[in-house]
């Protein structure tokens, strides 16, 4: 224990002596007192308050080493605390103090069971002290999620916080705001930031609602009634946001192919989708889908504009009457027609938004993490996440015995030895935990145990829902549990009555993992809080990682020795070197991906920031005027006519050539704004068009960037792929920003 930490812990314990004299009401009142002061000034007293509250509410009184871990988390460190040392309790100390800043705290777990359990369990302490506690789960509605994230402390899985962040960009608000990543504590931080670092979170299509939203919009369009009024509003009226005072829910201008909603229609749409303001920017996807569904219903005619052929929609060329093979209507119209005709809505494979855990967690203002096995990866945490690792001593000495690896030439010899060892330990009535590196291996070991008549439980990805139940029994007398490497993390194995006297839990590893850290996690299942226990790993030269990365020459020399255990220093060093080689290889891959990802994420952050600023402005008319000027300077008449309905807007070729087009377009927009109603429908529509343009063009940008990344890796000698990617990626980004601007104006005038 460092002198600094020891001094702080002693102060907390001293403060608790006086705080313990307070009544419950006086203890609760401390929170409001703390809110009025800088957190750095009340940190130690606040820790003492949490310690006393936890003791009273859930009967847990934090040990000095737990306070050390909590202080390190508050300081933004990655904390190594061994299995069973009470990391769940540790997390609420810094969470409480940081929550006093009223910017939100996220406690990130690896699965929803733990998120819900910890929110209910530890949440009692935080709620006792006057904080609100929420949990964000996968099956929650966006409203429930928004409520969860509005709490002082939110429990959430690493996957869900990533998807919620991306959904916010795509228009479904759940987080407090798009820059609401203030402080997080990541449980099992090595699993999330290292093991899963290579896999990006991806949302495809329409915020993962593509087909369903097209179908929902189609159902609504069928219910909406076309107005019978004689007033025929033009496309210009639709663009201007005029809501006709007519019967029905919408009017159709066949000539301009325009859909104009009435006030009744807007009200029905809001009620159907459960939204407050149809014109709000965050509801742009509903605006787009509903109008498109009505167009499919009223303006696109079967056997004229298209035919249905073997369950697919085929476009008919209006000039030749022939089928346009492999063509699809754009902007969701084709999908809307598919929904209308009841055929399969074709999957779109575009990536709408994506982010890696590396980038996601680097967005937080402050972050910290904890796990039982992080010290070996301290270099990666420092270089990629700018996090220092701090090791916390155990509350009681670890007395677990870790035996030398048992190494065999063949898998069969290894498996025979494993079963024999299980039988030996089982005869002593000691519980055995058998760790495997794959589901396939867990089933293989299960079959062998069954043949020997050894009753056991299997915990793998196929029955993960029984995880807590199986782990709860794994420390009982005579228990045999087979588990894959990551199964059961976050749940302690408690020893049953009399098991400690028998020698505790015996852990068997059926092979080495690609990272030594994961082997350590398995070992750490035994010997928690000073309990006795043992561990032993079994390895064969036929194991996949040995065949792929090991010394093939050395292995081939001894493969003829099929049954003898190769338990010597040379072979153990051989296994260790192989693991280190794999670790270094994977670190190189993650580092390379991170270098590329940094470039992508800088662009993504810039786009998110721009979207947030634009949509929070009172007026965006000035931006539209600038874009109109830009378009009229950059495009000739033909190019401009492809993007804007110049004829409807009474803009001629001469206007473009004589530099008068921009003035006409801006005057039209200005006139619309001058006639805007109190609710600011036109301003809302402008913002909606910007949001739609940013999202749709960013989706296109992702595709281009993914292609560029592939191309960059095949540059010729003398060229650095990363440098090439930086230069070309920036060019693409500039083009995308311009396209976002053009698309916003184009969308506004196309409504």
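First residue shown is number 1, and so on along the chain.
Here the Cβ of each residue, glycine as well, is placed from N, Cα and C on the backbone.
Residues annotated as domain 'SecA family profile' in TrEMBL: 1-570.
In sequence order, 69, 79, 81, 187, 370, 371 make up the list of same-chain residues 6 or more apart from residue 87 (ATP binding site) whose Cβ falls under 8 Å from its Cβ. The feature ATP binding site is assigned by TrEMBL to 66, 84, 85, 86, 87, 88, 492.
The domain 'Helicase ATP-binding' annotation in TrEMBL covers 68-217.
Here TrEMBL flags 414-583 as domain 'Helicase C-terminal'.
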| note | Within the same chain, the residues at least 6 apart in sequence whose Cβ is under 8 angstroms from that of residue 88 (ATP binding site) are 118, 121, 122, 187
| said: Counting only residues 6+ away in sequence within the same chain, which have a CB under 8 Å from the CB of residue 492 (ATP binding site)? | reply: 83, 84, 471, 528
| Sparsest Cβ surroundings (other CB atoms within 10 Å) among the binding-site residues 84, 86 | 86
| remark: In all the protein chains shown, the tally of other Cβ atoms within 10 Å of the Cβ of residue 66 (ATP binding site) is 23
| message | Based on DSSP, tally up the residues of the domain 'Helicase ATP-binding' (68-217) by helix, strand and coil. | response | 72 helix, 26 strand, 52 coil
| Cβ-centroid neighbours of ATP site 66, 84, 85, 86, 87, 88, 492, 8 Å, sequence order | 81, 83, 89, 90
| task | Any same-chain residues 6+ apart from residue 85 (ATP binding site) with CB under 8 Å of its CB? Would you list them in sequence order, or say none? | result | 65, 66, 69, 372, 392, 394, 395, 528, 529
